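Following: one structure in structure tokens, then a few remarks.
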Amino acid sequence: MDPFPDLYATPGDSLDHFLEHSLQPQRDWKEEGQDAWERIERFFREQCFRDELLLDQEVRVIKVVKGGSSGKGTTLNHRSDQDMILFLSCFSSFEEQARNREVVISFIKKRLIHCSRSLAYNIIVLTHREGKRAPRSLTLKVQSRKTDDIIWMDILPAYDALGPISRDSKPAPAIYETLIRSKGYPGDFSPSFTELQRHFVKTRPVKLKNLLRLVKFWYLQCLRRKYGRGAVLPSKYALELLTIYAWEMGTESSDSFNLDEGFVAVMELLVNYRDICIYWTKYYNFQNEVVRNFLKKQLKGDRPIILDPADPTNNLGRRKGWEQVAAEAAFCLLQVCCTTVGPSERWNVQRARDVQVRVKQTGTVDWTLWTNPYSPIRKMKAEIRREKNFGGELRISFQEPGGERQLLSSRKTLADYGIFSKVNIQVLETFPPEILVFVKYPGGQSKPFTIDPDDTILDLKEKIEDAGGPCAEDQVLLLDDEELEDDESLKELEIKDCDTIILIRVID
């Protein structure tokens, strides 16, 4: 077999043949990888910690989980990456893992070197370090006994945060709340969620796994090989998640599609990486307050945003090197492996999922619509106008927890405001010369009101009372820390459109 088959010289309609004959792992390679795994796993379970004290205690291996491409079922022939996650009894929390992981890794390294002869493989032990941070894994370079190929294996000691878990289990929100409160480096505790990462990929159709293999091969042979092993590039896992997203959006999760169409869809996403904002709610969602606030903050960050479906702290888009990836993807789209896909055959893959918008208007039932976060807000306004038969000017606003109420501009998009998840908007209809003012209640929530500039502060207080607020005589309104008198008009006070007025309720 050609060790470096030429993807760019392979016509798109021949990619299935290319994958079957060049990328699918052969039986002997899979068997050797499994044998190496079993021997090293046995060493950790039976030898590594036996008759030794570590951190002044006897250490027990709670469970061993296979991650990486081998664990997910997306291995390439003669190119293996296996992640061995060791869940150890010496870690009882994320914080304890962070404190003691370097000591544990150093201990494991010494034991591996000392006992390597018993493993029947020639093994070189490397410490994997990211910048100045303490290492979180060991890398084993395992020499194949039958070929010149190398089996790469990462050993990652981890805290067993999930406990026993089945394929379809959803972790308790408290686990993610604890993860977020631990304030570790983003993604630092992802190994604790390897089982979820593996299930997320392993349960997918075979055809999708083949597309994942194709994208991974492109990453290794057309990208990583070009820039070198030491270059800082997005992880393979980031591209893996992008591929799954493209498939979900482009085929509605069908297991019947053409490989070249899927490959082109992924390359097009990579070219437009600056607009990517992707997340899933399979294992965590917006119901828990701590998790919700954290997720909304994550989704407001710099793009690309690709949140690990198993670990919300792990944004795979944060790494550098996307410019190089986009340039290579643009070049790839010009090669024969992609040019067989015509315009009508291309998948419709948005750079972010549609956002659920709940439309609120005083005195009416809430209404829900879905919109592309990159679509101009004027289009959403037009849809609201048709639904509600509005004749005046539409003023729509939103407020995030802990933030100020903001008016949404027709010329912008929800993405411009960092809105990529479910949002409530308040709709008001104004007629000249009315203006919009925001009234901030004692709890921090703001409400919009329309009012004529010639109206008085007392008129505004009565509007607040009519909307369910305190009685007008119990209200004190402030602007720039100065109390507003009842008989003064908004025009006299120079209150402008979209100004925020503070409401204080006076209790006798």
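Note: Cβ is positioned from N, Cα and C throughout, glycine not excepted.
Not measured: the values here are computed from a predicted model.
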**Q.** Site co-member for ATP according to Swiss-Prot, given R213, K216, out of S69, S70, S375, S397
**A.** S69
(Q) According to Swiss-Prot, D81, D83 bind Mg(2+); which one of D13, D148, D149, D154 is annotated to that same site? (A) D154
**Q.** Cβ-centroid neighbours of Mg(2+) site D81, D83, D154, 8 Å, sequence order
**A.** G67, G68, Q82, M84, S137, T139, W152, M153, L156
(Q) I'd like to confirm something. Which of the binding-site residues, D81, D83, D154, has a Cα closest to the Cα of S69 (ATP binding site)? (A) D81
Q.
Tell me the coarse DSSP state (helix, strand, coil) of D154 (Mg(2+) binding site).
A. strand
Q. Relative to the Cα of K216 (ATP binding site), which of the binding-site residues D81, D83, D154 has the closest Cα?
A. D81
Q: Could you name the residues, excluding S69, R213, K216, of the same chain that surround the ATP site, i.e. Cβ within 8 Å of the Cβ centre of those residues, in sequence order?
A: L23, T74, T75, L76, R79, L212, V215, F217, K236, E240
**Q.** From binding-site residues D81, D83, D154, the one whose Cα lies nearest R213 (ATP binding site)
**A.** D81
